[in-house]
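Visitor: Right, I'll just put the structure down here and ask away after.
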């Protein structure tokens, strides 16, 4: 009995550390959010591996491929932000249903058409990922919904599982899509171009499943004043829900809300009025009128750093990595998919450990300590002379590259009040998308000139600068 009791205690401890208890006891809507992300990321992960290869087979040259991906990012920037801003007004479930329908139509166009102009236009207005990551308003809505559905102490657990299961599914999709292409090409004797189209047909199937499942959400994922009030009432021991990270900083020059939500004037009221007037004229104030003025600066600084990291990531996206590896080592689509499956599985499993680190080290330290090694590894990929060494570098990078995602969400969710989370998450995601827009075109020109290796070096350097910037500007906000 003692032995069994010891095993049970250890199992319970591990389950609590990795957030499994939180996941299992969460609401049906939280489970549905994570399940939908898993299904969707299968399609996104698979498409990212074959996208550049498909476009090359469709007679796009490298420069045109880079422009195609840039325009895709720009289109996603506009549509994602507009849909994210309108989600709380129109209904989150309705926006998710609409986005799944757009995803279905996007895949169908890539199955039935080959015209360069048409495919580019569809990629701009549709939902297609050039990088393997999330596109569309899905992430903003889901992140905000999780923050509303979970207590503050449970958010890191749910975000970690959200990231883990999503990354796992993306890795599975990478392997599946490679096998689909090879099966259609070698077994069914389809041309390589038609084999890629079969993979896009699978993309349509995934989109149809997400469309149907999006109807299953309850009203609990929708934001309302009653939901916001309930969240605050459940968190009475955290009066910082509206102003969570700012009160501790003692912003003496700015007004801070008291317990009733009203503002207490600063010592210099004239100066304060001038600051508020300037903020009202800014774009970000018009977008987020309920944010405290001192929060704007933090959101803007964070957005700029996220943009730097996103630009670095756009230079080394999965699509361009797969193209680089295939051109350098001449491996099959199945082998290529297996590479990203292995690294994706490792990345997803390791991301699950981030919730334990976040609880002990705080979100900021966890973000930097896990992201920096991965940033340095990406710059070393061109130095590898064999597929074995390249794989070793990718595996080492995968072991930490996703461990910063959950603490990043925790930090951002604690920074802003619940009624503006969807919009702020949308803003941050749009800033990141905007920063990613230029990268593919630059990589296209470098690849066309035979210098794609330089993209890895620049990308790794920029991502490292981001890490040091996060540490310098936000270490004071680190809370365990």
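Even glycines carry a Cβ here, placed using N, Cα and C.
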Visitor: To which of the residue ranges 259-279, 280-300, 301-321, 364-384 does TrEMBL assign the term transmembrane segment?
Guide: 364-384
Visitor: Would you mind telling me which of 119-138, 139-158 TrEMBL tags as transmembrane segment?
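Guide: When 119-138, 139-158 are checked in TrEMBL, transmembrane segment belongs to 119-138.
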Visitor: Looking at 226-247, 336-357, 402-423, which one is transmembrane segment according to TrEMBL?
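Guide: My reading of TrEMBL: the transmembrane segment range is 336-357.
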Visitor: Using Cβ atoms only, state whether the transmembrane segment (34-55) and the transmembrane segment (159-178) have three or more pairs under 8 Å that are 6 or more apart in sequence.
Guide: yes
Visitor: So which residues does the transmembrane segment (119-138) touch in its own chain, when a touch means Cβ under 8 Å and the partner is 6 or more beyond its ends?
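Guide: Sequence-remote neighbours of the transmembrane segment (119-138) are 36-37, 40-41, 44-45, 47-49, 51, 58, 68-69, 71-76, 79-80, 83-84, 87, 95-96, 99, 102-103, 105-106, 109-110, 113, 170, 174, 313-314, 317-319, 426, 429, 433, 436, 440.
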Visitor: Is the transmembrane segment (364-384) close to the transmembrane segment (198-217), in the sense of at least 3 CB pairs under 8 angstroms with a sequence gap of 6 or more?
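Guide: With fewer than 3 qualifying Cβ pairs, these stretches do not touch.
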